[in-house]
Ligand SMILES: NC(=O)c1ccc[n+]([C@@H]2O[C@H](COP(=O)([O-])OP(=O)(O)OC[C@H]3O[C@@H](n4cnc5c(N)ncnc54)[C@H](O)[C@@H]3O)[C@@H](O)[C@H]2O)c1
Ligand SMILES: O=C(O)[C@H](O)[C@H](O)COP(=O)(O)O
């Protein structure tokens, strides 16, 4: 079997080499000609999988994306050819949620904000929105969920409408990019919604760039009294609207989900799906290939407070590292994609074993994702 894979899928050699002959490609530039002999195709989010890409291939039996998002896949076309398709739901939800936690703690430190009781509007209450809810609730923030699709499907959590979301101190977007239907998310934040934001609010987008109309956002921020902007995703990546950059507090090149664990989970989910399709028993776990974390344990001897939690979070991941690199390198040729390709190793909070004294709030750190040592 010939397995064609994006070269940015980590641990691919280790996981897939027993299943077939591996052929790596550059996700942004792969052509129909390159893929004509593929039996299985494994991509990440930058490859548009559609008729134009697969028109020269008559043997494809499997398509997988090692990502949560699926807006780059023409699923109708794949089903018209009876080609099974798999994504990696939830694979990097922790990574995105940890990015959001770091960004909010950075903002709170900069503006001397006590996060207790501050309101958060989470738009999209699926895997990632739920992980964000869990962590920010643990920090003492009052989180509201908006997800009309889940609400209509009978999810028993409490939901709010977009009007309530627009009144929150922090708004965090966790929806897929969709263009059809009553709840389409393309330009969910359009000129009208963006005008409602005030300078005390924080808008965080780690979902897809097109969920915010970037031109309307630029007009909005150029008119003054801008909200705080934390943007990981942009319209028209990798050729983003550079004029937005000076108005952002935190700006990154679509790496919120780029923890090593997050990317590795995506690889493992596809490995299992391909094994199942081939009738093979999965014999590998991607965790066996993960290196040890640079710092893997710490003892806390003081009472937990926002400042101490911030220090622990930033011992593992500080979003300012990625923001600094972004501002330095986005202007270089192919800067956006190179930053993603050369992304420095980032680990999740679970790699840090935290020892606490008696009566300390283990549940707070556990909810954030740290491992609590016995
Ligand atoms: N920046 C990154 O690195 C990164 C990483 C992972 C995922 N993502 C993006 O985040 C998105 C969400 O991830 P997830 O794991 O939570 O997906 P998910 O499918 O588990 O949840 C998405 C939720 O959004 C809801 N939704 C859809 N339209 C909505 C609307 N108009 N208003 C409110 N809710 C709506 C859905 O009902 C669903 O519950 C992904 O589709 C992907 O595009 C980005
Ligand atoms: O949808 C996702 O899972 C994320 O957006 C993913 O992290 C994007 O990374 P890429 O596939 O572009 O490497």
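Each Cβ is built from the backbone N, Cα and C atoms, and glycine gets one as well.
When secondary structure is read from DSSP and collapsed to three states, residue 208 (active site) falls in the coil class. The annotation active site is assigned in TrEMBL to 208 (among others).
Around residue 237 (active site), the C-beta neighbours below 8 angstroms that are at least 6 residues distant in the chain are 46, 209, 253, 254, 336. In the three-state DSSP scheme, residue 237 (active site) falls into the coil class. What TrEMBL records for 237 (among others) is active site.
Residues annotated as active site, proton donor in TrEMBL: 254. Counting every protein chain shown, 22 other Cβ atoms lie within 10 Å of the Cβ of residue 254 (active site, proton donor). The secondary structure of residue 254 (active site, proton donor), as reduced to three states from DSSP, is coil rather than helix or strand.
Within 10 Å of the Cβ of residue 67 (substrate binding site) there are 26 other Cβ atoms, across all protein chains. Annotation comment: TrEMBL describes 45, 67, 258 as substrate binding site.
Positions annotated as NAD(+) binding site by TrEMBL: 147, 232, 257.
The domain 'D-isomer specific 2-hydroxyacid dehydrogenase catalytic' feature in TrEMBL is assigned to 13-278.
Sequence annotations record features per position, and here TrEMBL assigns domain 'D-isomer specific 2-hydroxyacid dehydrogenase NAD-binding' to 110-256.
As annotated by TrEMBL, domain 'Erythronate-4-phosphate dehydrogenase dimerisation' applies to 289-369.
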Contacting recorded positions, sequence order - 45, 237, 257 vs ligand 2, Cβ under 6 Å: 45, 257
Reported mean pLDDT - the domain 'Erythronate-4-phosphate dehydrogenase dimerisation' (289-369): 95
Residue 257 (NAD(+) binding site) CB neighbourhood, other CB atoms within 10 A: 25
In sequence order, the recorded positions (147, 208, 232) whose C-alpha falls within 10 A of residue 67 (substrate binding site): none
Inter-residue Cα distance where the pair is residue 45 (substrate binding site) and residue 257 (NAD(+) binding site), in Å: 12
